Amino acid sequence: MRRIAKLLLVGIVFHAVYIASIFDIYFRTPLVHGMDPVYPVDPAPAKRLVLLVADGLRADKLFEHGVARAPFLREKVEGGGTWGVSHTRVPTESRPGHVAIIAGFYEDVSAVTKGWKMNPVDFDSVFNRTHRTWSFGSPDILPMFAKGASDPHRVKTYMYGAEEEDFGTEASHLDTWVFDHVAQLFQNASTDAALDAELRHDHNVLFLHLLGLDTNGHGHRPMSPEYLANIGVVDRGIAQLVDTINAFYGDDRTAYVFTADHGMHDRGNHGDGDPQNTETPLITWGAGVARQPRAALDPLGRPTARGHEPQRTWDLGAWPRLDVHQADIAPLMAALIGTPIPVNSAGRLPVEYLDLAGKPAQQARLLFQNALQLTAQYRAKAKTKRHMWFFHPYPLDGAIARGLSTASALIERDPGASSRTSRQVMTDALEGMRYYQTYDWALLRGVVSAGYLGWIVYTLLFILEQFAGFDLLGRATNSDLQRQHQRRLRRIQWITGFLSVSAVVFLTQRRAVWLHYVYAAFPIYFWSHAFKKQHVLQDAVKHMHALSTAMQKRDTVPRPRALTGSIGQTMLVAFAYLVALELLVVSYFRRDVLFVCFAASTFIWHHRLPAGLPHRRTWLSLWAGLSLTTGLFTLLPVEKADDLWLVTLGGFAVIGTALYMMWWQPQQLGLPEDAPGFLYALVALNAITIALVNHTAAMLRAKQGLAYLNQYGAWLCLAAGLAAIIDDGRRRPTQHYRRRLLVLFLGFAPAFILLSLTYEVIFYWSFSSLLLVWVQLERLDAAAATGHLAGDTLDAIDLRIAAFFLFAVNMAFFGTGNVASLSSFSLSSVYRFTTVFDPFLMSVLLLYKILIPFFLLSAVLGVLSRSLRLPPFSLFLLVVGTTDVMTLNFFFLVRDDGSWLEIGTSISHFVIASAFIILQIILFSLSHVLVGRVLIPAPTSRASKWAKQT
């Protein structure tokens with residue numbers, strides 16, 4: 001037991017440390033510091049700027065023609081300014097969207113595990129370069145930029161309370177609040193001379209964060225009257241704001257930028273890379289902004305002007321559409337008010353938005369300023385790598401320096417050529433930054449791969465030695481063999497010492513962080529141990545070779561150890577297990593693979609169970625039906641529309657199954673003929689939950705909000721189910737295992753019903769029933785087997801149990817969704833508990849729903865671990881040791897570019913696989929908590945069972 005504890009401790013530490021490896025490799029912050037700002041040469045075209053961000057506004061909903069949804073903004077598009085679509089290349093969430101707009105850099109991927117609201121790194125922003133910024137809106141966004149300002153008093157914030165963000169009500173009042181407080185600011189200036197002077201200063205910014213559309217989109221969907229009407233509220237508020245500003249200043253020196261941080265999917269959420277989420281409007285007008293002339297049309301009515309083709313439904317073909325990347329907005333705003341571009345910005349100035357007609361030299365200077373700013377970042381990143389041994393500079397390093405020199409020399413003489421050269425320098429500098437960002441990848445990937453492979457070998461050798469009895473040296477009496485082994489150990493120790501010292505020297509010269517030393521230590525430890533234990537593998541191969549020879553001669557050979565087949569048979573079983581692991585990897589991307597695997601499992605039990613076993617056909621039919629039913633859920637879309645009828649149907653299926661077991665098979669539960677009132681109370685609790693869900697849904701549909709009675713009732717039902725599970729385990733510790741599993745099935749059901757939108761409850765019923773049948777089939781198989789006796793060793797064929805357990809774990813997670821659906825889940829799934837935006841509470845509720853199937857699986861694991869007569873921990877360690885085959889797959893599939901969905905999904909895949917050992921220990925421990933000391937009758941042997949029947 002002590003050696004097992006040591007193995008598990010090493011495994012936990014190893015996996016916990018190596019989870020961080022992807023953040024050290026793929027997700028180190030791209031931000032560098034120490035760059036000086038590049039100040040513009042020409043005077044600013046605007047004295048002040050108004051930034052309006054309509055949170056959650058889709059481009060198509062604003063630009064649609066034929067409806068008077070936003071007449072003021074439509075007027076600015078049609079000749080009053082310049083417009084286009086801003087493409088979000090970053091997470092379509094509020095925080096990263098605003099960072100891209102205001103700071104000009106895309107989501108710091110090292111921040112993916114941090115919170116929703118506060119960026120965890122220091123960064124420069126447009127606000128940081130202003131004289132003063134007044135910001136109005138949500139407490140989710142505004143504090144981030146106020147905290148990041150170089151002067152704490154530079155950015156002033158005016159926020160409403162977080163409780164105002166209620167998804168159960170109409171939310172346009174959030175935007176009205178913002179417009180009213182901006183108007184109040186200018187009204188206060190009439191009686192406050194200091195405020196009046198501040199407002200009239202150059203380089204000021206007014207930032208209006210308009211959250212109503214996002215809140216209505218989540219609560220009512222973007223096709224709803226509430227969302228569409230909110231666009232009109234925003235449009236009228238902007239029109240009144242422009243009038244207020246014109247009346248206050250009267251100088252036409254104000255520039256306006258209207259955009260959105262992200263869009264909104266039809267289902268009422270965002271987060272992924274769907275065009276409905278990534279395409280947001282960008283409209284600019286006012287001082288310094290170009291007014292696009294009406295374009296000439298060709299004979300087919302298509303615009304001949306430069307720009308992207310608008311959607312046909314927008315009817316904007318006569319007005320050139322100029323699309324940008326979201327990070328390009330920051331240098332655009334800086335150019336309008338004459339401030340330095342934020343030093344961390346990765347945006348490229350869209351000069352087409354600026355009124356530079358007849359000013360080619362000014363355009364060249366602005367682009368050259370942008371090129372200098374990006375090159376400063378490139379050089380700062382190169383500086384972090386130049387000290388390393390065998391340093392290889394970016395191949396275009398010289399071209400960047402020459403390009404800057406050429407662009408500077410040509411500004412006055414040939415501004416067009418200067419502009420083109422500056423653009424090329426920007427492209428090269430951005431690619432150079434990427435080159436240095438990935439400079440250490442090859443080395444670190446190699447070290448991490450060696451670590452995971454070493455852990456797999458280390459664990460398998462432990463299993464062969466401890467649970468299979470392969471220990472050639474332990475049984476050897478030959479002193480020469482022992483001396484030979486000692487000499488080999490000394491050589492391994494010398495090599496290990498040399499590698500350790502070399503690794504320390506090499507990493508020290510590279511100024512590596514302390515975690516890199518730990519990454520290098522694990523593969524050295526694992527592989528040195530593997531070479532020390534190579535005799536275990538030699539003994540196993542020798543045994544299989546002897547068995548193969550005996551089988552060829554048809555001799556009878558005693559099989560006291562785990563590998564009870566020939567080398568070919570064992571390799572075939574191992575290959576099949578590896579195929580199963582690779583299928584699990586594929587299932588992370590294609591859920592329907594699980595359906596194929598569960599369908600195939602029906603044939604396995606047909607082969608395993610003896611033909612004469614009583615009730616064999618009944619159990620096989622149940623297994624086949626439930627396997628196919630459970631697998632079918634992976635064929636259904638993860639994007640689920642609300643369907644209360646299916647929730648209700650699933651709830652009644654849970655109740656019906658429980659009543660069947662209580663009324664028609666009470667002996668299977670170890671109950672008297674009349675089922676106890678405790679189980680009936682749990683059935684009643686589930687019926688009340690179903691009624692509560694239907695009543696709450698009716699109130700929300702009627703726009704009556706979430707009543708306190710319904711809200712408290714939901715929390716009470718969830719708590720009652722948990723309390724019943726805990727109390728039953730405490731009062732009946734030695735109850736029959738089937739009764740305990742039924743209590744768990746009924747106790748967790750209320751929470752699952754409350755948090756479901758559609759078919760999830762039916763999946764809960766099907767998956768739970770399948771687990772109950774699996775327990776029975778494994779017990780029948782153990783009773784029919786002749787080779788498993790108490791204290792017997794692990795057999796290669798027992799990989800079947802490990803494989804199905806892994807498939808069950810994945811089905812529990814992917815049965816009704818995938819990682820992508822978690823990162824863009826529908827908020828309506830928690831509306832029975834709260835409609836006020838609370839990321840932490842909502843995430844906890846979602847996580848609890850996800851974990852419920854794992855709780856049931858852990859209980860079944862506890863029953864199986866006591867039912868099957870295998871060495872303790874043997875299957876558990878086999879699963880723990882081999883699943884890193886999946887981890888290595890996901891390690892090389894991690895992405896650090898693309899949409900939030902793609903980045904987050906790749907990270908989640910790796911973290912889930914790498915944390916599997918921790919999950920298994922938790923499930924193994926939880927199984928003892930959930931099933932405790934329940935009564936589990938030992939499976940009778942096949943001979944005695946059939947003897948009684950005959």
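Please read every residue number as a count from 1 along the shown chain.
Glycine is treated like the rest: Cβ placed from N, Cα and C.
Pulled from TrEMBL:
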type: TRANSMEM; residues: 7-27; note: transmembrane segment
type: DOMAIN; residues: 431-899; note: domain 'GPI ethanolamine phosphate transferase 1 C-terminal'
type: TRANSMEM; residues: 452-470; note: transmembrane segment
type: TRANSMEM; residues: 514-531; note: transmembrane segment
type: TRANSMEM; residues: 562-581; note: transmembrane segment
type: TRANSMEM; residues: 587-606; note: transmembrane segment
type: TRANSMEM; residues: 618-638; note: transmembrane segment
type: TRANSMEM; residues: 677-700; note: transmembrane segment
type: TRANSMEM; residues: 741-757; note: transmembrane segment
type: TRANSMEM; residues: 801-820; note: transmembrane segment
type: TRANSMEM; residues: 840-863; note: transmembrane segment
type: TRANSMEM; residues: 875-894; note: transmembrane segment
type: TRANSMEM; residues: 906-936; note: transmembrane segment
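Between the transmembrane segment (7-27) and the stretches 587-606, 618-638, 801-820, 840-863, 906-936, the greatest number of Cβ pairs separated by less than 8 Å involves 906-936.
In this chain, the transmembrane segment (840-863) touches the transmembrane segment (801-820); three or more CB pairs sit within less than 8 A of each other, excluding pairs fewer than 6 residues apart. Among residues of the same chain six or more beyond the transmembrane segment (677-700), those with a C-beta under 8 A of the stretch's C-beta atoms are 168, 642, 644, 647-648, 651-652, 654-655, 658-659, 662, 706-707, 710, 713-714, 717, 720-721, 724, 728, 742-743, 746-747, 749-750, 753-754, 831-832, 835. Under 8 Å from some Cβ of the transmembrane segment (741-757) lie the Cβ atoms of residues 640-643, 647, 650-651, 654, 657-658, 661-662, 669, 678-679, 682-683, 685-686, 689-690, 692-693, 714, 717-718, 720-722, 724-725, 728, 764, 768, 772, 775, 826, 828-830, 832-833, 845-846, 848-849, 852, 855-856, 859-860, 863, 930-931, all in the same chain and six or more residues away from its ends. Remote same-chain partners of the transmembrane segment (587-606), defined as residues 6 or more beyond its termini with a Cβ less than 8 Å from a stretch Cβ, comprise 580, 619-620, 623-624, 627-628, 630-632, 634-635, 638, 777, 800, 804, 807, 810-811, 814-815, 818-819, 890, 909.
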